[in-house]
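**Student:** Straight from TrEMBL, here's the annotation block:
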BINDING   Arg97, Thr388, Leu389, Asn390, Asp412, Ser441, Ser442, Gly463  L-glutamate binding site
ACT_SITE  Thr370  active site, nucleophile
Amino acid sequence: MKKIIILLSVFCVGCKTQSVMVKPTGLVVDKAMVVSAREEASKIGVEIMNKGGNAFDAMVATELALAVAYPYAGNLGGGGFMVYRKANGETGTLDYREKAPLAATKDMFLDDKGNVIKGKSTTTALAIGIPGTIAGVFEVHKKLGSLPIEEILKPVIELAERGVIVTNKQEKRLNEYRNELIKINGVNSLLSTVFKENDTIKYPALAATLRRISKNGRDEFYKGETAKILVQYLQEKGAIITMEDLAKYEAKWRTPLTFKYKDLKIISMPPPSSGGICLAQIFKMIAPYDLEKMGHNSSKSIQVIVEAERRAYADRSYFLGDPDFVKIPLKALMADDYLKQRMANFNFDKATLSSDIKEGNVNYNESTETTHYSIVDQFGNAIAATTTLNAGYGSKYYCDALGFFLNNEMDDFSTKPGEPNMFGLVGNEANSIAPQKRMLSSMTPTIVEKNEKLFMVVGSPGGSTIITSVLQTILNVYEYSLSMQEAVNAPRFHHQWLPDLITFEPNTFDTKTFDILKSKGYKINEKTTPVIGKVDAILVLPNQTLEGGADFRGDDKAVGF
Ligand code: DON
């Protein structure tokens with residue numbers, strides 16, 4: 001036996017033998033956990049598991065409870081991605097991303113001269129993609145759920161009726177967005193009202209919608225009364241979504257994108273998310289470097305990670321889009337030789353210039369307007385799910401009759417080659433608009449295995465910064481020996497090829513580190529963002545208990561038993 005262990009450790013170069021157990025600093029529970037953006041949603045997910053439901057039942061409950069408790073990003077009018085790993089090791093992903101309506105056209109956001117019309121893909125009703133969330137949760141339930149849907153939705157409907165208490169952060173967000181919400185929805189719309197911390201917001205219209213969905217199933221949203229009310233509302237507002245668009249919508253099971261990093265196996269979302277493929281490229285490019293020795297958030301570690309990010313995001317812009325519409329050279333992009341050659345021109349003395357990789361010049365802002373939750377159940381099943389309306393409160397269009405916001409996901413398409421979207425991401429033909437096509441995403445729900453066992457469940461909001469937030473959280477635990485909660489809390493940085501800047505969370509990094517990086521030609525940006533990502537993760541500790549990492553940047557909360 002001893003011999004086998006020695007042999008294994010000789011062959012597994014660079015593998016971690018976690019000899020010292022890192023002290024957990026987040027919530028630790030024995031069996032089951034949900035970490036999400038709101039305590040109410042985490043609690044409902046856990047309640048479902050407590051009743052004997054599995055992680056998939058809990059997913060349905062948590063996703064819809066977020067639509068009630070966290071309308072900023074939780075949704076019925078948006079979409080998302082889910083990655084799962086069953087206790088027996090089987091893995092899969094579900095794509096419930098929004099789609100472009102049948103009447104969408106490639107140039108729909110351009111003027112006669114071919115220039116992008118500012119705001120048309122973000123704040124008009126044309127920005128709305130066909131919602132996928134209800135199709136998504138029902139698909140999960142049909143394939144993998146165990147409790148009746150009515151039982152799962154009951155606490156969610158009760159929450160909408162009882163109401164949700166406004167947190168301090170929520171009050172601030174509502175204040176920040178109120179003028180925009182009033183402009184679109186008028187003063188009488190539910191969230192146009194001034195709400196203060198500790199007030200309770202009740203959602204009776206949403207409760208009624210959910211009750212109909214609970215009774216009539218998925219088709220209520222796509223073909224039934226809800227569909228009719230929704231399409232009438234959308235058409236009044238100038239959207240192009242029709243009953244046919246809703247009826248045609250399907251969520252899609254996709255093969256996970258998996259790859260190895262040392263002795264970790266990382267299971268993530270394939271296109272139409274760029275998350276998994278970019279994560280794979282970055283991990284493979286940094287693998288030859290000894291990050292642990294370089295130190296957490298040291299200038300050298302930052303350089304290696306940034307240079308890999310720069311190269312991955314350049315590829316993202318050119319190659320990635322909806323795989324149902326474009327051919328993506330996934331194998332070639334993930335090939336070890338290709339990625340080795342990609343990093344060949346990097347050295348520690350001097351920053352590579354993004355303009356030397358490909359030209360461009362753009363601006364962007366990061367934010368946290370999507371939401372991610374992680375679940376592990378008492379049977380050992382795990383779920384990472386990220387769901388979004390795109391911007392905060394999506395397109396801001398709130399259908400008062402149904403009680404939910406509509407997304408502005410059309411902005412995730414490349415409206416024109418080389419033209420940045422709201423996250424400063426540039427794209428090309430591969431991500432151009434076409435009827436029924438899904439827009440490219442950065443959402444990166446991810447599950448990590450170590451020694452063939454469940455190790456971590458992780459994900460984040462943050463637009464283009466999602467991928468780099470997930471990357472750093474995994475590295476923080478695996479390379480830098482932080483606890484799950486510390487890994488989530490640790491200050492983050494981000495590079496996305498264009499603009500050619502390293503963005504840091506303000507006032508969290510050493511100025512000496514900045515001086516070193518500047519001397520090598522890196523441009524430092526601490527201005528455009530208060531936070532990068534908002535990670536909710538679960539780590540399986542060596543003794544099989546679960547540690548939650550709930551991001552302090554939001555109201556996020558780990559709950560479990
Ligand atoms: O799918 C995407 O990549 C974006 N729609 C996600 C938006 C997001 O994370 C907003 N929060 N910052």
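Every residue gets a Cβ built from N, Cα and C, even glycine.
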**Student:** With H, G and I counted as helix, E and B as strand and the rest as coil, say where DSSP puts Gly463 (L-glutamate binding site).
**Tutor:** helix
**Student:** So if I take the binding-site residues (Arg97, Thr388, Leu389) and measure from each Cβ to the nearest atom of ligand 1, which come out below 6 Å?
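**Tutor:** Near ligand 1, sequence order: Thr388.
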**Student:** If you measure every Cα to Cα distance among Arg97, Thr388, Leu389, Asn390, Asp412, Ser441, Ser442, Gly463, the residues said to bind L-glutamate, what is the biggest one in Å?
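**Tutor:** Spelled out: the longest distance between any two Cα atoms in Arg97, Thr388, Leu389, Asn390, Asp412, Ser441, Ser442, Gly463 is 14 Å.
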**Student:** In sequence order, which residues at least six apart in the same chain have a CB under 8 Å from the CB of Leu389 (L-glutamate binding site)?
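**Tutor:** Sequence-distant Cβ neighbours: Tyr72, Ala73, Asn75, Gly77, Gly78, Glu369, Thr370, Ser395, Phe405, Leu406, Asn407, Asn408, Glu409.
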**Student:** Ser441 (L-glutamate binding site) has how many other Cβ neighbours within 10 Å of its own Cβ?
**Tutor:** 29
**Student:** Output, ordered by sequence, the same-chain residues six or more apart from Ser442 (L-glutamate binding site) with a CB under 8 Å from its CB, or 'none'.
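**Tutor:** Non-local contacts for Ser442 (L-glutamate binding site): Ser273, Ser274, Gly275, Cys278, Phe423, Leu425, Gly463, Ser464, Thr465, Ile466, Ile467.
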**Student:** Would you mind checking how many other C-beta atoms are within 10 angstroms of the C-beta on Thr370 (active site, nucleophile)?
**Tutor:** 30
**Student:** Determine, for the L-glutamate site, the additional residues of the same chain whose CB lies within 8 Å of the mean position of the CB atoms of Arg97, Thr388, Leu389, Asn390, Asp412, Ser441, Ser442, Gly463; present them in sequence order.
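**Tutor:** Output for this site, in sequence order: Gly79, Thr370, Asn407, Glu409, Met439, Met443.
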**Student:** Name the secondary structure element type, per DSSP in three states, that contains Ser442 (L-glutamate binding site).
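**Tutor:** It is coil.
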